[in-house]
Amino acid sequence: MTAENQSTVTEFILGGLTNRPELQLPLFLLFLGIYVVTMVGNLGMITLIGLNSQLHTPMYFFLSNLSLVDLCYSSVITPKMLINFVSQRNLISYVGCMSQLYFFLVFVIAECYMLTVMAYDRYVAICQPLLYNIIMSPALCSLLVAFVYAVGLIGSAIETGLMLKLNYCEDLISHYFCDILPLMKLSCSSTYDVEMAVFFLAGFDIIVTSLTVLISYAFILSSILRISSNEGRSKAFSTCSSHFAAVGLFYGSTAFMYLKPSTASSLAQENVASVFYTTVIPMFNPLIYSLRNKEVKTALDKTLRRKVF
């Protein structure tokens with residue numbers, strides 16, 4: 001993030017989600033509620049997994065890291081957005097904007113790869129249950145999580161470095177946070193090379209991880225169909241479909257944002273897609289991945305009884 005640039009802009013104005021004053025307070029209250037639920041859900045999940053030894057397994061190790069990623073990348077975006085709802089001047093400095101972009105990309109890339117690791121973990125658990133403890137050793141689990149964060153840090157550094165090379169002559173970002181495509185529209189220099197590089201990098205991340213998830217779930221589905229018990233098959237389908245819905249929502253919204261030309265959709269469409277993967281998905285992930293799980297409910301019940309008595 002030290003690339004030289006000749007931009008005349010020293011600060012940006014964030015356009016926000018809407019220009020209608022009467023909607024500012026309702027939206028503030030809505031997103032404040034979403035953010036509180038996101039923080040409580042993800043912090044609660046991390047704490048619950050840490051306090052209960054029966055949840056110290058690869059599956060919950062990955063879930064706790066997913067909760068950490070969700071908590072972090074929601075916190076990169078939402079607090080500033082909440083301030084802007086009640087502020088007269090929605091300003092962010094050039095350094096602050098690029099820092100927000102960098103950390104957002106770190107965690108959104110990490111989310112892609114964490115979902116992939118979790119899909120692989122479920123594949124091993126369902127398709128190779130006898131080898132699960134051997135394959136998913138503590139050393140491999142730690143290595144996979146370290147790889148996820150390393151890819152996020154490196155990928156974000158490359159993409160943010162590309163954005164730092166652009167010259168910005170306009171200061172109004174038609175978005176509610178500093179994202180790649182809205183920033184490109186403010187550049188007075190050619191963005192073709194940067195846009196192609198970002199398209200390739202984002203495409204690689206999304207396509208490679210989503211294909212890995214799809215292949216893992218294809219094998220999982222094949223194994224589920226071989227379950228003789230209707231009750232067991234129904235339970236497995238229910239869990240698998242919930243996970244797959246969350247993955248599809250995340251990849252669908254990110255692909256809509258990044259795997260297209262920067263002029264291919266309206267501002268409203270871009271905002272809706274962004275809201276899904278920056279605020280809604282981090283709120284729903286603890287519910288979809290964890291709180292519907294009987295082991296988590298049992299651990300929560302034991303923890304609450306331990307505190308009461």
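These residue numbers are counts, starting from 1, taken along the chain as shown.
Glycine is no exception: its Cβ is also placed from the backbone N, Cα and C atoms.
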Open item on the list: From the topological domains that Swiss-Prot annotates, would Y168 and L304 count as being on the same side of the membrane?
Closed with: no
TODO: Out of 91-111, 175-195, let me know the one Swiss-Prot marks transmembrane segment.
DONE: 91-111
Task: Range among 112-132, 196-216 that Swiss-Prot annotates as transmembrane segment - done: 196-216
Task: Range from 29-49, 91-111, 134-154, 196-216, 271-291 with most C-beta pairs under 8 A to the transmembrane segment (57-77) - done: 29-49
- [ ] Go through C97, C188, our disulfide-bonded residues, and report the one whose Cβ sees the most other Cβ atoms within 10 Å.
- [x] C97
- [ ] State, in range form, which of 29-49, 134-154, 271-291 has the highest count of Cβ pairs under 8 Å to the transmembrane segment (91-111).
- [x] 134-154
